[in-house]
Amino acid sequence: MLQFAVVRGGLGLLAVRRACLFSRSSHSAPQAQYRPIKKVMVANRGEIAIRVFRACTELGIRTVAVYSEQDTGQMHRQKADEAYLIGKGLPPVAAYLDIADIIKVAKDNKVDAIHPGYGFLSERADFAQACADAGVMFVGPSPETVRKMGDKVEARSLAISAGVPVVPGTDAPIASLQEAQAFAQTYGFPIIFKAAYGGGGRGMRVVREYEELEENYQRAYSEALTAFGNGALFVEKFIERPRHIEVQILGDKYGNVIHLFERDCSIQRRHQKVVEIAPAFQLDPHLRDRLHSDAVSLAKQVGYENAGTVEFLVDKHGKHYFIEVNSPSDVDFVDLVHAQLRICEGRSLPELGLKQDKIRVNGCAIQCRVTTEDPSRGFQPDTGRIEVFRSGEGMGIRLDSASAFQGAVISPHYDSLLVKVIASGKDLHTASSKMSRALAEFRVRGVKTNIPFLQNVLSNNQFLHSTVDTQFIDENPELFNLKPTQNRAQKLLHYLGHVMVNGPTTPIPVKAKPSSIDPAVPSVTMGDPPVGFRDVLLRRGPEGFAKAVRAHQGLLLMDTTFRDAHQSLLATRVRTHDLKIISPFVSHNFSNLFSLENWGGATFDVAMRFLSECPWKRLQELRALIPNVPFQMLLRGANAVGYTNYPDNAVFKFCEVAKENGMDIFRVFDSLNYLPNMLLGMEAAGAAGGVVEAAISYTGDVSDPMRQKYSLDYYVKLADELVKAGTHILSVKDMAGLLKPEASKLLIGALRDRFPDVPIHVHTHDTAGAGVAAMLACAEAGADVVDVAVDSMAGMTSQPSMGAMVACTKGTKYDTGIALEKVFDYSEYWEVTRGLYAPFDCTATMKSGNADVYENEIPGGQYTNLHFQAHSMGLGNKFKEVKKAYTEANKLLGDLIKVTPSSKIVGDLAQFMVQNNLTRAEVEERADELSFPLSVVEFLQGYVGIPHGGFPEPFRSKVELERGKILHIKALALGDLNKAGQREVFFELNGQLRSVLVKDTVAMKEMKFHPKAQKSVKGQVGAPMPGKVLEVKVKVGSKVEKGQPLCVLSAMKMETVVNSPLSGTVKAIHVEADASLEGDDLILEIEE
C-alpha cells in the first residue's frame, strides 16, 4: 500500500520536508539560475501568511507582512519581522489588490521574493509580471503560466491539448448575459458560472432554471470583480453529484513535475471546501492513477513551476473532468512552502531529493475549516468580538490560524475562516476520532461557529463508511440538528456585566418615595440607664444568667425591632444611624428586656453589600449606647452568618471577636436541625464566653395527628441532645409562624416537663395573625421568653406586637413589667422612621398577612421577598400559584425544615417549577433530564447537611449531580465608553482574564444608531447578517412581489440577495449603496 506521509504534517507531506534535508551534493542539477532568498514578503493575510512566515523562519529567511487599515490588529502582522501598511484609504479587499503599493513596499524594504498565498493576487498574471519587472522573485509559476492557468478558458484548451478530459463549456470568457443564455439553450440546465481569473468558490453560481439566470450572472460577475479585480466569467455544464478531487503537484524550473497524491474536497458549501480528506476515501486505484497522470501531464504541458493544485470532478460513472488549476499556492501545508521557496531560488526537484518514487502515502488526514458562520441560518457569516477562545490540541492535531484568539474582532470584510484543524491517523476512522475529540475541546464565545455542524459531519455514517459527493450537505438535513452549547460561564459574565454597567434589570413595582419627615426621638432622662439583665450576665456569667432568667417572675420579652422585624418588613435596609438615635431611649426605658436582637443573620451581609456599612462598627456603637440590655445575634451553626459551611476555626474566631465587640447571646440553629452543624456553633459560642441558646427550627404541626414526620417526640429527642451538649437556654425558632395556640401548649408543655430548670425562649412570626395568641399560649405552658417587635414594626411577616403582649399580660402573673406608654412612644418613632424606607416596605405589594402560611409553610422573611419578586416580574396576580408551587416543591424535597438556607432551596425549586410550568408529577418524572437550580443540586449532594428522614427518593437518585463545575468569578474593572455605546467589563474567571462588552443603556440614549428591524412589525426588512450594501434594487413607492430581490449585501467577499418577505409597496428605505450594516439593521419597510 502506498504511504502518504501526513502523520505530523497534516494534509501536507512530511516526506517532502524530509527529502529537502537530503544533501544537495548528492544530486546534480543546473545551478546557473540559483538566487538565494534572504527576505520574503507575503502579499496576503491571515493563516496562510503566518504559515509562510513560519517556514521562512525555519529556513533563516527574514519576513515582511503587509496589512490593510482594517487589519491593524491582526496576528499576521505581529508574526513577521517587519510589517507595512498598504492600500491606505482603500476598501478592505482592494488594499490587498493594490499591486503598485505592494511592489513599492517590497522595493523600499529590499524584499527578495513575494509569496502571494492563495486568493487575492495569487492568480493574477499582471502581479507576477509586476514582480518580475521590479526584480523581485515571485514564489509561484512564471507570469505566462499564471496567465494561462489563471484564465480558466485557456486552461481548458491546454487540458484538451494534453489529452485531459474537460467539462463542456465556453471556449472564452463570455461578454454578456446573452452568451450565457445561448450556452444554456445548447447544453441545457443546470449550468455554472465561474470566475475566469480566480477560484475558491468566489464568482461561482449554479443556475438550474432560466428565471434564475440573470440574477446569478450579475452576482457571479460582482463577486469575481470584488475578489479578483476582474469580473470575467465563463460557463460550464454543471455536473450533478460529482466528487471533487484535487491532485497536488510540484514542478521546478527545469521541467520536472511530480504529484503529491490527492485529496477529496467534496464536502462543500457555496462551492467552498468545508472538510478535506487525504487520500480520497474508496477511490478506484485505476481512477487514482489516471488523475495523477493527467495532473502531471497538464503541468508539463504548460511548463508549470512551483506548487499548485489540479482540480477534477468525478461523476457517478467514474469519469473525471479537469476544472481548473489553482496556482501557485492554494495549499495548506507548511512543508510544501519549504519546497516552494527552494524551487523559487532555482533548486531542482532532484536536487531537493524529490522524486516520484520516494513519495508515499502514510495513513489518512482530515482537514476541517472552522469558520465564523452560523449553520442554522444558512451559513451566514457572523461578526463580532471573540470573548473566549480555547482550542483543541493533542497528538495528531495541527492548527493553522490567525484571528483565533481572545479579543480578536471578526469583521465582515474578509473570509470567515477562523482556524484550520488537521487531524491525522492510520486510517479515516482514527483521523475522524481525533478530529472529533479536538473539535469537542474548542470553546469559542462571542461569535457563532460551524463547529457543531462539523461534529455532525464527522459522526455521519455515510462520511465514515462510504463516499460523499458535493451534494452531501444538501442531502443530509440531519447535519443541521445542532447540539446547543451551554455557554454557562459567558452568559453569567454578560449578566453580571450588565448589572455592573446598567444596574439591576428587575423592575421595582414600588413607586413610593422616602418620607421627607424626620422622626422625632422621644425624650430621655439624664444620667445612666437603669440596671438590666446584662448586668446579671456580667456579674454571674452565662450559667448564672440562665438561672436568673428561669427564676424571673413574669414573662420576658426579646425585642426584634433592631433586626428580624426590619428584615421581614423593610428588606433589612435600616441604617445604623436610625438605630443609634433611638438606642438611648431603649436603654433607659426597656432595661427589663431579656435581650435586644440586633445582629447576625442577613443583617451582617446586607450592611456590607447594600448599606456600605461595617457591621462590626454597628455592633460597637450600639453597645456603647445600650450598655444594660443583653444583645442577641442569630448564628447559623457551621455557617456562622454566611450561607455555606466555614472551617471550624473561622466560626470559633468569629464568635470570639463578636463577643469582644459586645455580643452576649448566640442563638444557634441549623436549617435542617442537623445536629453536627449545631454543635459546632454551640461550642464556638461557648468557647467565646457567650450565652449559648440552641434553637430548634420548628415546622409542621405537633397538634395534627396526621402529620408525624416532625412529631412531638422528634422535638423532645432533639432538645435532649441540645441540653446534653450544654446549651444555657433552649429556643424554639418558629420561622414561618406555624405554632398555633394548641400546638404551643403541647410543645412548650412537653419541653417544660422534660427540662424544668432550662429557660425556654420562643421565636415566631405573625404571618397568619395568630402570633399574640400563640405566644400567650407558650407563656401559659411554661416559656420564659417570647419574641416581639414594637407595634409599628410588628404583624404580618414580622413578630407579634410588643404593645399587645404588654397589654395582654398586664396585671397577670405573666406581667412583663414594661410601661405601655413607653411602647407607644417607641412605636411612634418607628412609624415615622419606617416611612424613610418606603421603597423597601413590604406593604407596597402586601397588604396583610395570610393564614395560608399554615399550608405553604413559607418563612416570614421569605414570604415577603417572594411576594415582592412576584410583583417585580409581573406575576403579582399569580402569587397564589407561587405559594402552591412552594408547597409542592417542599414535598418533592421530602418536607424540609425551612429556614435560611433550606428555605431558599425550596423557593428556588418552586420558582423553577413556575417559570417552566411544571407540576410536581412532571418534575419527578423528568428529574433525570431537567437542569435544576444549583442550590437544589447541592442540597441533594449533602452540602447543606442531612435532612431528618434522609433525602427524598427516587427523586434524589434521578437528579444529575454535576460535580466539579464551580465557577470562581471576580469582578475587576469597568472600561470607558466606546463609539458603539459599549463598556468593556473585566472579570477573572477561574484564574483567567475574561471580558465582555456591555451596552450602556443610559449612554446609548444620547447616541445615534441605525434602527433595528422589529420582527413583530410586518413589512420591516432587516439585514440577515452584518455586511456592506452593494445595491438597492427598489425605490420608495415601488410595487414588489413576495420573493423579489430588494437589495444585495456583501460580507466576507460573498454576496447575499435580500428578498421581499411579502407583496406590497415600498414605504421607506433606510439604507443606500456602500452603507455598512449590522445584523438586523432596518433596510426598508413594505406595506401591503
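For all residues, glycine too, the Cβ spot is worked out from N, Cα and C.
Given the structure is predicted, the values throughout are model-derived calculations rather than measurements.
Annotated in TrEMBL:
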- 36-478: domain 'Biotin carboxylation' (DOMAIN)
- Lys152, Glu236, His271: ATP binding site (BINDING)
- 156-358: domain 'ATP-grasp' (DOMAIN)
- 555-824: domain 'Pyruvate carboxyltransferase' (DOMAIN)
- Asp564, Lys733, His763, His765: Mn(2+) binding site (BINDING)
- Arg636, Thr900: substrate binding site (BINDING)
- Lys733: N6-carboxylysine (MOD_RES)
- 1018-1087: domain 'Lipoyl-binding' (DOMAIN)
- Lys1053: N6-biotinyllysine (MOD_RES)
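Other residues of the chain with a Cβ within 8 Å of the Cβ centroid of Lys152, Glu236, His271, the ATP site, are Gly169, Ile192, Phe193, Lys194, Ala195, Met204, Phe234, Ile323, Glu324. Sparsest Cβ environment among the binding-site residues Glu236, Asp564 (other Cβ atoms counted within 10 Å): Glu236. Taking each Cβ in turn and tallying the other Cβ atoms within 10 Å, the top scorer among the binding-site residues His271, Arg636, Lys733, His763, His765 is His765. Residues listed for ATP, Lys152, Glu236, His271, cover a largest CA to CA span of 16 Å. For Lys152 (ATP binding site), the number of other Cβ atoms no farther than 10 Å from its own Cβ, over all displayed protein chains, is 25.
Put simply, Arg636 is the one of the binding-site residues Asp564, Arg636, His763, His765 whose Cα lies nearest to the Cα of His271 (ATP binding site). Cα separation, His763 (Mn(2+) binding site) to Thr900 (substrate binding site), rounded: 15 Å. Each residue in the domain 'Lipoyl-binding' (1018-1087) gets a DSSP state, and the totals come to 0 helix, 39 strand, 31 coil. Residues within less than 8 Å, Cβ to Cβ, of Thr900 (substrate binding site) and separated from it by at least 6 positions along the same chain comprise Gly601, Ala602, Arg636, Tyr643, Ser671, Pro859, Gly861, Gln862. When the binding-site residues Asp564, Lys733, His765 are compared by Cα distance to Lys152 (ATP binding site), the shortest distance belongs to Asp564.
Distance from the CA of Asp564 (Mn(2+) binding site) to the CA of Glu236 (ATP binding site) is 83 Å.
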